[in-house]
Amino acid sequence: MYEWIKALHIIAVISWMAGMLYLPRLFVYHCEAEVGSKQSETFKVMEWRLLKAIINPAMIVTWLAGLYLVWAGHWYLSGWFHAKLTLVLILSGVHGFFSRCVKDFAADRNRRTQKFYRIINEVPTLLMILIVICVVVKPF
Ligand code: HEM
């Protein structure tokens, strides 16, 4: 059972991360589109669908499967798990922030620059690298 849930966890993680890496890229391109243009309206639909159909459900499955693994594997006292949990909480916060950005774009009230989205684009990548090192290498 544990191995099956771990497989599910990894599948959900891949989907979550795919969305978390792609969504800020869409924001970068969306900044270039004029408000009210056909292109801007298309980006709105793409961002909304990516968030609702992939990123949100994938995050929920990742969390549920991950919490099962912690419980079944008795990992709650391990140092690597505490580090991973902290990083995953930050990642979930970034997810919440992206969700707000989607709403801002949808209402044509984005005030953030393209440069800002280019920089924030790197945050999920950095977090993912650290999270995978924590759980695979288990350095502490
Ligand atoms: C949402 C909260 C999360 C919790 C509670 C959680 C917890 C866990 C636990 C307890 C394991 C089992 C470790 C083992 O059997 O050795 C695991 C496996 C794994 N997790 Fe997570 N995880 C979460 C999110 C993530 C995220 C966001 C990523 C990647 C970005 C990730 C990547 C992995 C990988 C790659 C494995 C397999 C490690 C292996 O088999 O060596 N997890 N997770």
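Cβ coordinates are placed from backbone N, Cα and C, and glycine is handled just like the others.
Feature annotations, courtesy of TrEMBL:
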TRANSMEM  6-29  transmembrane segment
BINDING   H9, K84  heme binding site
TRANSMEM  50-71  transmembrane segment
TRANSMEM  77-98  transmembrane segment
TRANSMEM  119-138  transmembrane segment
### Query
Taking DSSP three-state, what's H9 (heme binding site) in: helix, strand or coil?
helix
#### Entry: Chain-internal residues near K84 (heme binding site), provided their CB is under 8 angstroms and they sit 6+ positions away
I131, C134, V135
### Task
Provide the number of Cβ atoms within 10 Å of the Cβ of H9 (heme binding site), excluding the reference atom itself.
20
